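These notes are about the structure you will find just below.
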Amino acid sequence: MQNITQSWFVQGMIKATTDAWLKGWDERNGGNLTLRLDDADIAPYHDNFHQQPRYIPLSQPMPLLANTPFIVTGSGKFFRNVQLDPAANLGIVKVDSDGAGYHILWGLTNEAVPTSELPAHFLSHCERIKATNGKDRVIMHCHATNLIALTYVLENDTAVFTRQLWEGSTECLVVFPDGVGILPWMVPGTDEIGQATAQEMQKHSLVLWPFHGVFGSGPTLDETFGLIDTAEKSAQILVKVYSMGGMKQTISREELIALGQRFGVTPLASALAL
């Protein structure tokens, strides 16, 4: 019998959650992570599955995700503990045939359940599947320190925030030319914040929750982690720059245009226009 904890997807989740905790982005039970899988990924590990998988209904049906398996972090679970006990802190779930709920196939032992932000994740997965023709498979939410800090001092506007991050580090425009979506402050763990996040995910691979954290989407765990890491690095630079009295010089609009042309990306027009 193959051990599912040695699979690429469990090992990938262990690395991503451990790295995020070491970055300081996921204190206590902060943050959540979901990865969309294929049946072929989990097929070799059926012998590891629960004999009687628990079924949990979704608060709203998501037919686009019907019959789709995911690996997810658990509600109330600490990222720092995933590496110590993957089966207690992670779970593999599979949405049922009509998208009305899901079965917990593996993990989430001792009656644990998936992250409370699962509605936001699933709704965002739906939008990123449509926006990227199925390419994006990961949704990651974390409490990236400097990005959160900037939501207290910058205007919480997509164009303004995006332009500042682009100017904070040259690679940012290349990594997220589609900019950063921003929500108003909302109560977490609700369908409402999930729907608002998904709406922004139609246009942006990064979405900020002011005074709370960030959502990122990408095709792989590495790409999604790297996306957030890049934005957070720029935010860290900006925090230092602002604390030293602000910018004396920066990357100009013409230089940002040249950067986009060199790397074949189309920058968010509203941010470029500022």
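The backbone N, Cα and C atoms fix where each Cβ goes, glycine too.
According to Swiss-Prot, the active site annotation covers Glu117, on the basis of sequence analysis. Positions annotated as Zn(2+) binding site by Swiss-Prot: His141, His143, His212.
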> Where His212 (Zn(2+) binding site) and the residue listed as 'active site' are concerned, what is their Cα separation in Å, rounded?
Replying inline: 13
>> Suppose we draw a 10 Å sphere around the Cβ of His212 (Zn(2+) binding site). How many other Cβ atoms does it contain, all chains included?
In response: 17
> Residues near the Zn(2+) site, His141, His143, His212 excluded, by Cβ within 8 Å of the Cβ center?
Replying inline: Gly30, Gly31, Cys142, Ala144, Ile148, Pro188, Trp209, Gly213, Val214, Phe215
> Among the binding-site residues listed here, His141, His143, whose Cβ has the fewest other Cβ atoms inside 10 Å?
Replying inline: His143
>> Under DSSP, is the residue listed as 'active site' part of a helix or a strand, or is it coil?
In response: coil
> Cα of His141 (Zn(2+) binding site) to Cα of Glu117 (active site): how many Å, rounded?
Replying inline: 9
>> Can you give me the Cα-Cα distance between His143 (Zn(2+) binding site) and Glu117 (active site) in Å, rounded to a whole number?
In response: 14
> Three-state secondary structure of His143 (Zn(2+) binding site) from DSSP?
Replying inline: coil
>> Suppose we draw a 10 Å sphere around the Cβ of Glu117 (active site). How many other Cβ atoms does it contain, all chains included?
In response: 26
